[in-house]
Structures are given as C-alpha cells and as structure tokens.
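Here is the structure we will look at.
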Amino acid sequence: MSITRRTTLSKYLIEQQRETHNLPADLRLLIEVVARACKAISYNVSKGALGDALGTAGSENVQGEVQKKLDILSNEILLDANEWGGNLAAMASEEMETFFPIPANYPRGEYLLVFDPLDGSSNIDVNVSIGTIFSVLRCPDGQQATEQSFLQPGTEQVAAGYAVYGPQTVFVLTTGNGVNCFTLDREVGSWVLTQSNLRIPEDTREYAINASNARHWYDPVKRYVDELNAGAEGPRGENFNMRWIASMVADVHRILNRGGIFMYPADKRTPDRPGKLRLMYEANPMSFIVEQAGGAATTGLKRILDVQPTGLHQRVPVILGSKNEVERVARYHQEAQS
C-alpha cells in the first residue's frame with residue numbers, strides 16, 4: 001500500500017533553506033510562527049457566533065475605522081505569538097497607531113513584521129472570506145527599531161504572505177523565490193503544500209473594482225472600466241466580467257488562481273488622501289506576491305514596490321493582477337498626464 005508523501009510548510013521551508021541558501025534560519029522560524037498564529041485566528045473565525053467574537057468592539061483604530069472584536073483578537077494573537085521568539089526587533093499593525101518594540105525581557109532579532117491582522121473584517125458578520133496579510137523586512141538599525149526602521153520600499157521585503165479564512169483555510173507565501181499555497185489540514189493541524197509556483201495569466205477577462213464609486217473616479221480609471229463594460233461591441237472587442245468581494249485577500253487569491261485585475265484607485269472624494277489601502281501591510285505584501293507570480297502592481301503612476309513610505313499607515317492607490325491589463329491602466333494614467 002503506497003503512502004502519498006505530503007510536503008508540509010515546515011518541510012518546504014527547510015528544503016528551501018538547504019537548496020537556495022538565502023532563507024536564514026531565523027526567517028524560517030518567523031514564518032512558521034506567523035503561520036501558527038494564522039491557524040489560531042482561523043479557529044476563532046470559524047467559531048463565529050459560538051465564540052462570542054462577532055460584532056464591533058466599541059472602539060476605532062488609528063484610521064478611524066470601527067474595530068470588530070475579531071480585529072482586536074487577531075491582532076493580539078499575532079503579537080502574543082511573535083513577541084517572545086527572538087526573531088523580531090519590532091512589529092507594526094493596522095490596529096496599532098505606533099509600532100510595537102519587542103519587550104526588553106525577551107531576546108530580539110533582526111526582522112520587522114508588519115501585518116493587517118484581519119483584512120476584509122466588514123465581511124465577518126456575513127460569513128464571507130476574510131484573511132491576514134503580512135510583510136517581513138530586515139531591521140536596518142540592528143535590533144533597536146524605530147518607526148523610521150519600517151519605512152522601507154517594498155523591494156526590501158524578504159518575505160510576504162497572506163492567509164484566507166474561507167471554505168478552506170489557505171496560507172500563501174513568497175520569500176522571493178516564487179509563490180506557493182498551503183492548505184490547512186484540520187485533522188492533523190498542519191499546513192500542506194497544495195499549489196506550487198503559482199502564475200497569474202498575463203491576460204484576463206475579469207476585473208474587480210467597487211463600481212459604486214464610479215462617479216468619483218479619475219478619467220484614466222473611468223476610461224478603462226468603460227471600455228471593459230462596452231463588451232464585445234466596444235474597443236476591446238470582448239466581454240469582461242466584474243467580481244468584487246470587498247475583501248482584498250479573497251479578491252487577490254482569486255486573481256492568483258485564475259487571473260484578473262484588482263483596482264482600488266484614488267478618487268475625487270479625498271484628493272489629499274491618495275487611495276484607501278495601506279502601503280506597508282496591504283499594498284506592499286500583495287504586490288510582492290503578485291509580481292513573484294508574474295503579475296504587475298502599480299499606483300497608476302508608479303510601481304508600488306518602488307514607493308518610498310513616509311508613514312506606517314500611509315495609503316496608496318492599488319492596481320494589481322494580470323500584467324497586460326495592469327500595464328494598460330498605467331498607460332492610461334501616463335497619457336492623462338501628458
């Protein structure tokens with residue numbers, strides 16, 4: 001009787017460490033701790049109303065957004081799991097105004113962890129897929145982190161990933177050597193490699209955008225979406241479908257698996273605040289993953305990974321996904337400026 005050998009996340013990381021020689025042991029251990037925290041978050045999400053974790057917490061985060069109970073719980077799970085391991089100098093989160101230095105009573109490491117503990121949390125109460133997004137940077141100041149230590153462009157990321165808590169719980173990871181997907185086997189509690197070297201098709205007929213904001217869009221985005229909506233009779237000569245989950249991890253995961261373009265552009269409502277998504281813990285890690293899978297990511301005017309951050313909670317426009325479509329939108333932005 002043959003036994004199918006399965007590759008767990010731990011085995012995969014150890015093999016990468018041996019084969020590529022560019023995955024330090026501390027980084028491998030850090031990724032495993034983050035993945036373990038995501039398992040705990042998945043467990044709490046799956047309990048739903050049975051865990052008394054639905055609804056709002058009666059507080060707001062630094063962006064002025066109402067915090068859900070699971071937002072706060074997920075943030076605490078990630079902090080508690082990572083503060084004592086000796087791999088980190090500091091952490092930063094969507095749910096905290098300032099960064100979190102590793103307490104003096106724990107050993108400190110050379111890495112910085114930035115995360116959105118529960119992306120798409122507006123969907124919690126209606127049981128739509130949500131997730132966790134994270135990014136890992138090296139601390140340029142050794143083990144004494146400051147806020148400035150975090151303000152590195154996305155090209156400096158050494159690892160990035162996300163978990164999706166949906167019909168299956170999956171963990172998607174890149175360390176700069178392609179993108180792989182692991183599925184949580186709840187019977188044994190292990191992450192098992194289920195998709196290797198994911199690639200985003202260069203062309204697509206699907207797009208994701210919140211069309212209710214159409215009246216606020218700037219001309220390049222309006223031009224692009226109008227062309228898609230014109231269908232086979234329009235300038236593109238083919239029909240396109242719109243998909244919008246209002247959960248970035250879910251929308252990006254779909255694009256990673258079957259192609260598409262995701263857009264959360266700047267609009268005219270807030271000209272002084274370019275975009276809604278946060279650069280450090282949403283746009284950068286997702287852009288790293290998308291580029292590693294053969295896609296592209298831009299603000300419309302600049303490659304997202306080249307943006308120099310000015311603050312932990314900086315916002316940027318985000319257009320990412322299938323390469324040819326992203327490049328078309330970028331070209332429309334450039335033409336509008338010329």
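Placement of Cβ uses the backbone N, Cα and C atoms for every residue, glycine included.
A sphere of 10 angstroms centred on the C-beta of Glu94 (Mg(2+) 1 binding site) encloses 25 other C-beta atoms. Taken from Swiss-Prot, the feature Mg(2+) 1 binding site applies to Glu94, Asp116, Leu118, supported by sequence analysis.
Cβ neighbours within 10 Å of Asp119 (Mg(2+) 2 binding site), excluding its own Cβ and spanning all shown chains: 30. Marked as Mg(2+) 2 binding site by Swiss-Prot: Asp116, Asp119, Glu282.
In this structure, Gly120 (substrate binding site) belongs to neither helix nor strand by DSSP; it is coil. Residues or ranges marked as substrate binding site by Swiss-Prot: Asp119, Gly120, Ser121, Ser122, Asn210, Lys276.
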DSSP-derived structure type at Asn210 (substrate binding site), helix or strand or else coil:
coil
Across the record's substrate-binding residues Asp119, Gly120, Ser121, Ser122, Asn210, Lys276, the largest CA-CA distance in angstrom?
16
Hey, of Leu118, Gly120, Ser121, Ser122, Asn210, which of those binding-site residues are within 10 Å of Glu282 (Mg(2+) 2 binding site), Cα to Cα?
none
Starting from the Cβ of Lys276 (substrate binding site), draw a 10 Å sphere and report how many other Cβ atoms land inside it.
19
Looking at the binding-site residues Glu94, Asn210, Lys276, which has the shortest Cα distance to Asp119 (Mg(2+) 2 binding site)?
Glu94
